[in-house]
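According to TrEMBL, the feature transmembrane segment maps to B:44-63, B:75-95, B:122-143, B:163-185, B:192-210, B:242-265.
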Amino acid sequence: MITVESLTRAYGGFTAVDDVSFIARPGRVTGFLGPNGAGKSTTMRVMVGLTEPTSGRATILGRRFAELPNPAREVGVLLDASAQHAGRTGREILRIAALTMGLPSTRVDEMLALVGLTEEEAGRRVRHYSLGMRQRLGIATALLGDPEVLILDEPANGLDPAGIRWMRDLLRGFADDGGTVLLSSHLLHEIEVIADDLVVIGHGRIVAEGTKDALLASGETLVRADDLAALARALDAVGLEATAAGDALLVAAEPADVGRTAYAAGIAVTELRAADGARLEEMFLELTASTQRDGLGNDLADHSDEGQAA
Amino acid sequence: MSTLTLDPTVATQARPPRAEPAPIPFRRVLLVELRKMFDTRSGFWLMASIVVASVIATALTVLLGDRETLSFDSFAAAVGSPMSIVLPIIGVLAVTSEWSQRTALTTFTLVPSRPRVIGAKAVNVLAIGALSMLVALAIGALGNLVTAAITGNEAVWDITAGTFSQIVLANELGMMLGFALGLLLRSSPAAVVGYFVVNLVLPGLSSALASSQQWWAENAGWFDLNATRFLLFDSTLTTQEWTQLAITSGLWIVLPLAIGLRLVLRSEVK
């Protein structure tokens, strides 16, 4: 479990993180979203003690990170896969981490196998690694100590589609085993698929927080009928607002109410269901609209391009 | 802030509580930091250069020196000069490589206590300094024996344990100066340049000043670290000179070390 309480980090007059509070719970994947420069990475650095907060605090498993006796055995961290000595081999980087944690070197081989780095690749110097390989190595380092909590900043960056799928399954399994996962990403689709809970941040402040289902629920009902006009009149008669959406109606009401109204009016309904929730992308843009750097949409397109192409 | 409270029933079972891991002992941090000084090509060759430079300096002394007059002291001086350049660079890079290669991010995530990491680095740097001097001196001793074998004269062993300890101390001070500049500047090129400015440029300025300023000529020892540190290599220091060494070491080494440490403890690691 990760608890962030009224966390603020100011740089001179600029407040990068402004009174941020949220909880990432065990057994769940918490997605941490926000435009560039919204304060995601700063918040994550404060969590692991690399940046001092101006006020407020972050605790992991009930303690400040610096108070954990052997932090990597409890918290797996991946903040920047490229922050490694270019002249070290992948295997040596894992060996150093294992040595620090007090783990046998067999654990290094297990992790290399888990993240799919071959014997030959592990012996290569990191300067010759692709971003995807660095990312895999970073995930191996994070998982090395068999932690209970994972803090990952943009872990999907640079992974190919198979790699993204692999990581999604890995994180899902980790959370299903009772682990806590906090991950930030610009790949909104990835977050939408994997996250249970969402924390959306803009200009250093939390703009939305909750379960993905609750945040994305639309509260509308989609209904189709052969005689759509009659159905619209019937709904209007009982005071339910209906708008045409192609060959269907969107009604601001529960499916049960819509169904009963149609039944009472003697209209055969051909499809009746809760309307599709807002896509995460739309919600993200709407929530962070005032904090977007570029014109609405451009920024998002940039981000997803970045993620896909990298 | 629109907070949607989580339904408590959706939270799945947390893992059963686990035993708390044992704290990381300091000797492990020491070992890891030592390993990090050798496990890259550049690190390895920097360490190897201690042996290589000593061998070259010794060989040149045997080949080019006036063999009839060579003594152990000649070889100590010969191996000493490359050491006085290589060792401080080791001191600088032990710190700055964490920042120039951005490994500080991983290092301080694995061991959040920055004083422990910096402390382990300092201990390693001092140990490497002492060991390097022993290795260099052993190579020099070999050169002395080879010279004696060539000339047929008895080898002259004119370095006492006291003199040798002074030379080691001078080099350790040089390493710590490099280490302090590394902490202060956290950039390899800046700290290396800084070291050579302090060690090669400032002595020139100091003596230029001394030639025109009588007062400085008499009192430079109280301010200029090199004025007394260089004495360690070839003379017996008076009590006053030892005091000057202690004061200037405080000014040039301990003070930057303290400021640098404070900066490292407070700085944001990115």
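Yeah, the Cβs are placed from backbone N, Cα and C, and that goes for glycine too.
Caution: TrEMBL annotation is automatic and unverified by curators.
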Leading contact stretch, B:122-143, B:163-185, B:192-210, B:242-265 vs the transmembrane segment (B:75-95) - CB distance under 8 Å: B:163-185
Same-chain residues at least 6 beyond the ends of the transmembrane segment (B:163-185) whose Cβ lies under 8 Å from its Cβ atoms: 76, 80, 83-84, 87-96, 118, 121-122, 125-126, 129-130, 132-133, 137, 191-192, 194-195, 198-199, 225, 229-230, 232-233, 237, 249, 252-254, 256-257, 259-261, 263-264
Long-range Cβ neighbours of the transmembrane segment (B:192-210) (under 8 Å; 6 or more residues past either end): 88-89, 92, 174, 177-178, 181, 184-185, 216-217, 220, 224-227, 230, 252
Intrachain neighbours beyond the transmembrane segment (B:242-265), with Cβ under 8 angstroms and 6 or more residues off its ends: 114-115, 118, 173, 176-177, 179-186, 198, 221-225, 227-229, 231-232
